């Protein structure tokens, strides 16, 4: 018998001679199939069913020889089965014996006497055999009844065969899991169908019942409100009538004094006139007394209302969102200081210094060199301020002024004539806001259909939806809405849906053919985000299946030819965007600190350049906040020496109302500087921008599949991004772009385009989503740029380890449930495992807090010690996950107070977002059939549930520090962790990031035995042994004689 390695080499050699090719996985497949077959003909038939081999001639001989060479396990019969088989044979043998008939009584007596003793001896054995036979018959009847129930009365037996090997058992479990998965998917679809209200089907009985119920509730509420409304209306009427009567009385007295002032009146007329004057005076005194009482009431102390025993409610102080926590205290201090400071009036204006002067020293300025000019298509004109433009033009005039408006009819004709259309237009041409409106006006939303427009960023989806709703004159959330992760601002009437590309991907789960959409517009396609690339492949297939679906791919002036080729040579429709020329300036020498150079350049432009707003591109939230603080500090020190400079940040985690400030008109006499991430390159259009500052850097996420480590590093941007940034300056007038790097660096150090995100990120969520959609052949999926093989393989391995995929790569029931949760697969597994450990409420809180991207605590520079002490007060034994749970629990107990957040140095906006995430995840628990339960303070169960999801991320303490269990990579605990000084032996981490070191963030102390409990398929007991914990045997020393 050949060895496995030798057999595999033999199969590869034979495959090469028979088929002309050889591959290791094919050889292993053939050997495994031959081992599972019981005969050579069955093996040949299985190969023929695959439709990959022509089993005639040499191929058939090869299959027969392979079957004869493959070793097979001999079926070993269990002792209990052997004893049972012998008992059955003996029973059949006894039944074959018959007594012979004889007329002689003596012979009968002899036989009876001789056999009496033998019958007594065998009596017990016969009774035992009879009992065993009855039990076997009962077991066979029960097995047949179960088989009839499962197969609907068919003759197929569900009894496990005697010779069932490991492969057959695994196959049976796989088929059973597939049935459960399909049943779960059907239940989810049925629930969605029951909860979906179809406004077009007026005959729906359930809809009628719901409408009647709502009308009845409204009627009851109206009846309950009528008495109070009558009282309120009566009071308002009496007050109004009092004013009218008093005015009539005063007018009547004035007329009488004017007409009969010099006429002798009778005694009755004099008394009547005196009475009217008395009434008028009393009415005036009554009104004055009422006003005086109101004035005193405002300065009077009022006893607070009793609130004990009432449930705490969520309070959102919208008026305090405009700044950091403690904004109200800061405003009060500024008001008091302002009242105490000395101010000059017009009388002292002559004695003051000139209003403006040069505030930068010559050595502080940055020298720029004008290199090129981006040509525009309109003549320069005097740029009107935003306030003047808003006063002179209406919204419709602004729409008509956009570059896309002259091409409206041609664009609609091209959309009608082609199913897929590539639209090329620079940011600001109006393609994002106007094209969906044109389609709406053209009737593409008739018959209940909708139009989807995807955006790569949630900030862009929210701001664009608000702008379109304002232009259409509708309320946001009605006809126009947006849908982003953990926030849905749509309704049943929404026909224009702006959403992130990830949200449209999730809609494929419930509606794989996008039947409710007539047009799908993929905007900002040139950014090539992960979800955008996946959408390309899916929408391409859906478009072939639905000829009536219109697909629009909107991009800037990059990669349009490539998009056209991908979509089967789709036509390209070009829209001009830049309307004015842009001068580009480079520095003479490289800048060492580009953040400091940005601040200096902003002040230099503000002092030396004509009016016009400034746009600064930085890499992330930390740099933006630092730059804004530096600018505000320097402007505060300069005081009245410079004009007013409004510093406005814009990044993804900023609240919506603060994001909307960048779109507000700049006040007269001031200048606005917008400090933004690369979101302002293409996703947003800010009016009034004349100057652009480009340091030439951006943040990119990279992923190492070998270590599973992600890193968000600052890297030079591409030439395409630099050109996009420069184009922001030519929207309203001739602009200028100041690049804080040299022209040589632009030509030789910048890449042409940015690497697509799909080639530098983890693919766990994408693989799970595609598997949920029934796409199993991921290697041949129609990617615009295929991801690296190692990254895809690692994603499959992780999903298999989490139980989302079986050994054949098919989606399991757990995987189908995990796909319903809009979080990372490990986080989804943790939530599903919480049901087993009865701690789903605590796990939901932990999952929500982990989803806010490490932005819970903040450390003001002037209160670092206080912030660190406040953070330490939340520490609990066990790890950072329990710290996050403690923070949220105390915040909830405080009534979701913003003041509590300020006192404990916790970011209120992040906590409010965590609350929104938790509410959505709690609503999805019913969808994935997980019940709500609490551990009642037993945090061991919480830690075990977290381990069930993140057992892939474990590390243990060795003599050289922490190392990951599987990869043996050296890692470090983050200094902000609660376990930084404790150094436990076994750790679990949420993510591994590369900054200055390989840091583990959000670590949790675990026990090694838990890994065997939650993931016995992934860890072996030998891997979890501590080699340093073993004690070596004591050695007995030798004497001098023994040593020789």
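Positions of Cβ are set from backbone N, Cα and C atoms, glycine also.
Some features that Swiss-Prot has for this protein:
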REGION    101-210  region 'Disordered'
MOD_RES   103  phosphoserine
MOD_RES   106  phosphoserine
MOD_RES   107  phosphoserine
COMPBIAS  119-130  compositional bias 'Basic residues'
COMPBIAS  134-143  compositional bias 'Acidic residues'
MOD_RES   163  phosphoserine
COMPBIAS  169-210  compositional bias 'Basic and acidic residues'
REGION    374-394  region 'Disordered'
DOMAIN    412-576  domain 'Helicase ATP-binding'
BINDING   425, 426, 427, 428, 429, 430, 431, 432  ATP binding site
MOTIF     523-526  motif 'DEAH box'
DOMAIN    601-774  domain 'Helicase C-terminal'
MOD_RES   715  phosphothreonine
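Cβ atoms under 8 Å from those of the motif 'DEAH box' (523-526) belong to residues 431-432, 453-456, 460, 532, 536, 553-556, 558-559, 563, 682-683, 720 of the same chain, restricted to positions at least 6 beyond its ends.
Note: the Cα of residue 425 (ATP binding site) and the Cα of the residue listed as 'phosphothreonine' are spaced 27 Å from each other.
Across the residues of the motif 'DEAH box' (523-526), the predicted structure has a mean pLDDT of 86. Under 8 Å, Cβ to Cβ, and six or more positions away along its own chain, residue 431 (ATP binding site) finds 404, 423, 425, 523, 554, 575. Geometry remark: residue 428 (ATP binding site) versus residue 715 (phosphothreonine), CA distance 26 Å.
Of all the recorded positions listed (432, 715), 432 sits in the most crowded Cβ setting, with the most other Cβ atoms within 10 Å.
Here the CA atom of residue 715 (phosphothreonine) lies 30 Å from the CA atom of residue 430 (ATP binding site). Cβ-based crowding with a 10 Å cutoff singles out 429 as the top-ranked of the binding-site residues 427, 429. For residue 428 (ATP binding site), the Cβ neighbour count at a 10 Å cut-off comes to 24, with all displayed protein chains included. With DSSP states grouped into helix (H, G, I), strand (E, B) and coil, the motif 'DEAH box' (523-526) comes out at 2 helix, 0 strand, 2 coil.
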